[in-house]
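Q: Before we start, here is the structure in question, set down as structure tokens.
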Amino acid sequence: MSLVHINILIAFAVSLTGLLMHRSHLMSALLCLEGMMLSLFILATLTILSTHFTLANMMPIILLVFAACEAAIGLALLVMVSNTYGTDYVQNLNLLQC
Amino acid sequence: MNLFTSSTLLTLLMLITPVMVSSTDFYKNNKYQHYVKNMTLLAFITSLVPMTMFIHTNQEMLISNWHWTTIHTLKLTLSFKMDYFSLMFMPVALFITWSIMEFSMWYMHSDPHINQFFKYLLIFLITMLILVTANNLFQLFIGWEGVGIMSFLLISWWFGRTDANTAALQAILYNRIGDIGFLLSMAWFLHNTNTWSLQQIFMLSQNPPTLPLLGLTLAAAGKSAQFGLHPWLPSAMEGPTPVSALLHSSTMVVAGIFLLIRFHPLTENNKLIQTMMLSLGALTTLFTAICALTQNDIKKIIAFSTSSQLGLMMTTLGLNQPHLTFLHICTHAFFKAMLFLCSGSIIHNLNNEQDIRKMGGLYKILPFTTTALIIGCFALTGMPFLTGFYSKDLIIETATSSYTNAWALLLTLTATSMTAIYSTRIIFFTLLEQPRFPPLMNINETDPMLINPIKRLLIGSIFAGFILSNSMPPMNTPLMTMPLHLKLTALTVTTLGFVLAFEINTYSKNLKYPYSSDSIKFSTLLGYFPTIMHRLSPHLVLTMSQKLATSLLDLTWMETALPKTTALIQLKASTLTSNQKGLIKLYFLSFLITMTLSMLLFNYPE
């Protein structure tokens, strides 16, 4: 593994840790989710370019499309939570019904 | 050919004629009553012919008329058995019915349905005679049920009165319980001896097991008001006095005893049944005599007296003396019917007053009724050489000199003295002392339709014992020697009873007791038997059935068992498992740790 790959992988790992160990805001989880998507995109593009696997050039672009949708849904959920509670603290999410 | 067959059948046919006439216009006539009474009189005279023939030549007869049906090997015919018992009983029953019919022409004079009353009495008489002359159990059962039905119809004659309806139903129910025993014996005899006709039964089962005889004893206990099935008899006094005189003193209630007398060839070989009959009879006679001591209704005292005498008859059967029992049936019919007729005369003359606490001083006012009542009571208690003596004294003598149960004997002797006690009570309260009824009563006993029947039965009460016991051919060797004290037992206890009762009545007639003692409550409430059997056990059964149906079946099994339990389990489970508290950070943290650990493990597997 070259150093570049390890760099990007560490970025991914840091974003993952940030997603799973956020403190109080749901927004930070969503931001870390975006960070994960970004690092995955960079990793995929670099690997494809360095191995000249041109046929797989579609994959990062499609990954980006789905990341955008996912971000939209995440933001919609955040807005709904914020409508109910006023803030987006995760400790409010302790009821199993709406 | 002598007149035996024809006069027997003529007797029975003569009685059916007035019943058949009842669909015509003659039934609505006032002469119908005279017609029925005269028919009964003629039937009585006609039935004297076979009886005299029997006394003279010991000729018995079996008349088998009409072959009804044959079901496989069971042949059912219409057959009449004219033997010792039926030949002697028929004239007695007809004589008493004749007298009672004449009496009821006076007693029921103002009743609008008097013709129907006479028709019912006649149908009762016919069914009773069918019972008495039956040669097979089927015909006997027809007569048995017939007398039961007529008893029901006649007890509830004044059916507007609730008590009368209740009493009639009670009579039917208690008789039905006895009928179970009858049907059991019929089934046993059919199964084991292939017949219902008496001759074949006696030939084929000389030593029958206890079961059929037990059934017959149960039937007799139901029909003849033995202990355990006795309450219907005092309740049956709701019917008019002629009904009480005919059915419930002379004829119907002896049907059960008559059945057992008919089966005496079977019972004389079975010691167990004899002991049972002895004990049952002794218990009945004492129990009902105790109950009679404190009753206040004159008809109820006489009813309990009947029940006590029936117990005595059952005891005699237990001593293996069927012919003596039969003699007691015949003699008892005379004086008991007369006692009822006298009480009817008193009741009607005092404007339908039946409570002896409101009678009194009739000694001078109704001389003829007084005479008849006193003689009847003496005959009942067994005064020497009146009618009752010839049967009752013989029974006590036989009991004291038999190798038998001493307890039963003791009970019988106590009951004998109690007979004297309650007879004294009747005489004392109705006839002696000062009058206790309202002064403006028109009392007269000049009507010949009242006097003649009582006169005839009076002559019967005095002489019939002598005539019958000297005419009836002896069937077993009489007892010749016995110690003097045993011979005088019955007389002694009776005299003791008379003296005791008279003393107590005289000295305590002006006293009143502040609290009822336990013994008097036992006697007045008829031994608590109706209270327990009629109220307590139905209440318990109905409560238990209600609890079973409602609580157990409906509420528990149908409602709670599946539906509510399932709901309860779901509720508990959902409260248990729904403990998500929304600890998102904890869940994410555990996910991270798991991922890290797994990556470490799978990437560095040494």
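Backbone N, Cα and C define each Cβ position, glycine as well.
What you see is a predicted model, and the numbers here were worked out from it, not measured in a lab.
Features from TrEMBL:
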type	residues	note
TRANSMEM	B:6-27	transmembrane segment
TRANSMEM	B:39-57	transmembrane segment
DOMAIN	B:68-118	domain 'NADH-Ubiquinone oxidoreductase (complex I) chain 5 N-terminal'
TRANSMEM	B:84-105	transmembrane segment
TRANSMEM	B:117-134	transmembrane segment
DOMAIN	B:134-416	domain 'NADH:quinone oxidoreductase/Mrp antiporter transmembrane'
TRANSMEM	B:140-160	transmembrane segment
TRANSMEM	B:211-233	transmembrane segment
TRANSMEM	B:245-264	transmembrane segment
TRANSMEM	B:301-319	transmembrane segment
TRANSMEM	B:325-350	transmembrane segment
TRANSMEM	B:406-432	transmembrane segment
DOMAIN	B:422-602	domain 'NADH dehydrogenase subunit 5 C-terminal'
TRANSMEM	B:484-502	transmembrane segment
TRANSMEM	B:586-604	transmembrane segment
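Help me understand the surroundings of these features in the structure.
A: Among residues of the same chain six or more beyond the transmembrane segment (B:6-27), those with a C-beta under 8 A of the stretch's C-beta atoms are 35-36, 39-40, 42-43, 46-47, 49-50, 61, 63, 80, 82, 90, 94, 115, 118-119, 122-123, 125-126, 129, 133.
Remote same-chain partners of the transmembrane segment (B:84-105), defined as residues 6 or more beyond its termini with a Cβ less than 8 Å from a stretch Cβ, comprise 11, 33-34, 36-37, 40-41, 43-44, 47-48, 50-51, 54, 60, 114, 117-118, 121, 125, 128-129, 132-133, 240, 242, 245-246, 250-251, 258, 261-262, 323, 326, 329-330, 333-334, 337, 341, 344, 449-450, 452-454, 456-457, 460, 468, 472-473, 475.
Long-range contacts of the transmembrane segment (B:117-134) within its own chain (CB-CB distance under 8 A, at least 6 residues past either end) are made by residues 8, 11-12, 15-16, 18-19, 22, 27, 32-33, 36-37, 39-40, 79-82, 85-86, 89-90, 93-94, 97, 100-101, 104, 108, 111, 140, 142-144, 146-147, 149-151, 153-154, 157, 240, 242-243, 246-247, 251-252, 255, 258.
Away from its own ends, the transmembrane segment (B:140-160) comes close to residues 117, 120-121, 123-124, 126-132, 134, 167-169, 171-172, 175, 179, 182, 186, 219, 223, 236, 238-240, 243, 247-248, 251-252, 255, 259, 262 of its chain (Cβ-Cβ under 8 Å, at least six residues beyond either end).
Same-chain residues lying 6+ beyond the ends of the transmembrane segment (B:211-233) with a Cβ under 8 Å from its Cβ atoms: 144, 148, 167, 170-171, 173-185, 188-189, 248, 252-257, 259-260, 263, 266-267, 270, 273, 276-277, 280-281, 283-284, 287-288, 303-304, 306-307, 310-311, 313-314, 526, 529-530, 533-534.
For the transmembrane segment (B:245-264), the residues of the chain that approach it from at least six positions outside its boundaries are 85, 89, 93, 96-97, 100, 103, 121, 124-125, 128, 131-132, 140, 143-144, 147, 150-151, 154, 178, 182, 198, 213, 216-217, 219-226, 233, 236-237, 239, 277, 302-303, 306, 310, 313-314, 317, 320, 322, 325-326, 329, 332-334, 336-337, 339-341, 344, judged by C-beta separation under 8 angstroms.
Outside the transmembrane segment (B:406-432) by six or more residues, the chain places 278-279, 281-283, 285-286, 289-290, 292-293, 298, 301-302, 304-305, 308, 311-312, 315, 318, 346, 356-357, 359-363, 370, 373-374, 377-378, 380-382, 392, 396, 399-400, 489-490, 493-498, 500-502, 505 with a CB less than 8 A from a CB of the stretch.
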Q: What parts of the chain pack near the transmembrane segment (B:325-350), using Cβ distances under 8 Å and only residues at least 6 beyond its ends?
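A: Contacts with the transmembrane segment (B:325-350): 84-85, 88-89, 92-93, 96, 99-100, 103, 107, 241-242, 244-246, 249-251, 254, 257-258, 261, 298-299, 302, 305-306, 309, 312-313, 316-317, 358-359, 362, 366, 369, 372-373, 375-377, 379-380, 387-388, 390-392, 394-395, 430, 437, 441, 443-445, 450, 453-454, 457-458, 460-461, 464-465, 468-469, 472.
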Q: Looking only at residues six or more beyond either end of the transmembrane segment (B:39-57), which have a C-beta under 8 A from one in the stretch?
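A: Contacts with the transmembrane segment (B:39-57): 2-4, 7-8, 10-11, 14-15, 17-18, 82, 84, 87-88, 90-91, 94-95, 97-98, 101, 122, 125, 471-473.
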Q: So which residues does the transmembrane segment (B:586-604) touch in its own chain, when a touch means Cβ under 8 Å and the partner is 6 or more beyond its ends?
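A: Beyond its ends, the transmembrane segment (B:586-604) has no Cβ neighbours under 8 Å.
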Q: Counting by DSSP secondary structure, give me helix, strand and coil numbers for the domain 'NADH-Ubiquinone oxidoreductase (complex I) chain 5 N-terminal' (B:68-118).
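A: Here the numbers are 29 helix, 13 strand, 9 coil.
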Q: Taking only the residues in the domain 'NADH-Ubiquinone oxidoreductase (complex I) chain 5 N-terminal' (B:68-118), give me the average pLDDT of this model.
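A: Here the mean pLDDT over the domain 'NADH-Ubiquinone oxidoreductase (complex I) chain 5 N-terminal' (B:68-118) amounts to 91.
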